[in-house]
Amino acid sequence: MTKKLHIKTWGCQMNEYDSSKMADLLDATHGYQLTEVAEEADVLLLNTCSIREKAQEKVFHQLGRWKLLKEKNPDLIIGVGGCVASQEGDHIRQRAHYVDIIFGPQTLHRLPEMINSVRGNRSPVVDISFPEIEKFDRLPEPRAEGPTAFVSIMEGCNKYCTYCVVPYTRGEEVSRPCDDILFEIAQLAAQGVREVNLLGQNVNAWRGENYDGTTGSFADLLRLVAAIDGIDRIRFTTSHPIEFTDDIIDVYRDTPELVSFLHLPVQSGSDRVLNLMGRTHTALEYKAIIRKLREARPDIQISSDFIVGFPGETTEDFEKTMKLIADVNFDMSYSFIFSARPGTPAADMVDDVPEADKKQRLYILQERINQQAMAWSRRMLGTVQRILVEGTSRKNIMELSGRTENNRVVNFEGTPDLVGKFVDVEIVDVYTNSLRGKIVRTEAEMGLRIAESPESVIARTRKENDLGVGIYQP
């Protein structure tokens, strides 16, 4: 009988990536098949996020529902991972004694051993340590699930913004070696992936070891990824302004595979608030980065993160944020009302902004961003956009859907054989959350790189070290 695994994931794209790796790992080691139905599963894993308000209580509410399943099936294994697990540790076991496994983001690769231990002696396992980058050495080969893929290139963050728990839950910055990243991407390209999104909590701070022992920069890595045949689009998230150096901007000048869209969080337009947040940059420095980016890539569109109602934020501070939003002309944003995360310096600050003011500021900010986003969309009307076809449309299964370089969803008529390929589409209509288009050119007419297949890239570049471990050498 097939053993089944159910994973519930909350939070960022890094968590989504981690969950996919858990599924691949437990399939390879134990033969567990993913199921969307928790009641069918032999193992339940909750991959948690501590960014949002009341994250801990949300975890215990979910575990309470799973407790009922365990009462019916005592052999059911329940595991909690992610940032809340890293933060709370044994406290989860104290409140939810039926939880068998507690693991952090850096120890998910040990899940097979943890499950074996629980199966063997029924004693719970807690492992929320930070074993550097070890987890990437223990994961199976990547499996593509469509033409786009996420690839984690580093873990952790050294910035210690006063509101953020990431350095405490994922540890400080650790970069994967360059060869490991390139080989994983080449493997994905061999499976039909055309677009990769490089992931990290502070992705542009990547400083990985090259095959010759030297240290590479993020700009170096971007150019190496762009050189892999079959990879025609590169995205990355999330960046920090303080690490957005001129050499990265130069990549936008000479590397067309790097998309004309950037998510660069700023959080506030007030230097006083930025200082309270520990952001180590000013609003003017942020705008200088955007100015240089638009000189290098005039059509680039920018999204950002904003926190409103941070302790001490005045009406004048908020007005400076709104001015920055207008000056930069952001295309979209992830914006939130401040809520204190336990254990962070901001949690000890006096939360002196009235709740009504926070909600009003968030509404004003989001309305302005939405207006700017719609204006950007309307400018695209009548233009021809290159779309990576990702699958059928959510709105109409008889149509196809894909994304533009600037991350707009476009729905259009087309045949199933176009999935996983690029098409040029004329934008004929604009909606709030999507665009509509019609095909004017298919990939066969584009002259994309076809000299070498991704398979030949792997065959040419795979080497083995003295231990028999495969490495990628450009």
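Glycine is treated like the rest: Cβ placed from N, Cα and C.
Listed in Swiss-Prot:
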type    : residues               : note
DOMAIN  : 3-120                  : domain 'MTTase N-terminal'
BINDING : CYS12, CYS49, CYS83    : [4Fe-4S] cluster 1 binding site
DOMAIN  : 143-375                : domain 'Radical SAM core'
BINDING : CYS157, CYS161, CYS164 : [4Fe-4S] cluster 2 binding site
DOMAIN  : 378-441                : domain 'TRAM'
Calculate the distance in Å between the alpha carbons (Cα) of CYS164 ([4Fe-4S] cluster 2 binding site) and CYS49 ([4Fe-4S] cluster 1 binding site), and round it to a whole number.
12
Comparing the binding-site residues CYS12, CYS49, CYS83, CYS161, which residue's C-beta has the most other C-beta atoms within 10 angstroms in this structure?
CYS83
Cβ packing number for CYS164 ([4Fe-4S] cluster 2 binding site), 10 Å threshold:
22
Could you measure between CYS12 ([4Fe-4S] cluster 1 binding site) and CYS161 ([4Fe-4S] cluster 2 binding site) for me? Cα positions, answer in whole angstrom.
17
Sequence gap of 6 or more, C-beta under 8 Å: which same-chain residues meet both conditions with respect to CYS157 ([4Fe-4S] cluster 2 binding site)?
CYS164, VAL166, PRO167, ARG170, GLU172, GLU173, GLN201, ASN202, ALA205
Can you grab the distance from CYS49 ([4Fe-4S] cluster 1 binding site) over to CYS161 ([4Fe-4S] cluster 2 binding site)? Cα atoms, rounded to a whole Å.
17
Additional residues surrounding [4Fe-4S] cluster 1, by Cβ distance to the CYS12, CYS49, CYS83 centre under 8 Å:
TRP10, GLY11, MET14, ASN15, THR48, SER50, ILE51, GLY82, THR169
I want the residues beyond CYS157, CYS161, CYS164 whose C-beta is within 8 angstroms of the mean position of the [4Fe-4S] cluster 2 site's C-beta atoms, in chain order.
LYS159, TYR160, TYR163, VAL165, VAL166, PRO167, GLN201, ASN202, GLY278
Alpha-carbon distance [CYS83 ([4Fe-4S] cluster 1 binding site); CYS161 ([4Fe-4S] cluster 2 binding site)] in Å:
16
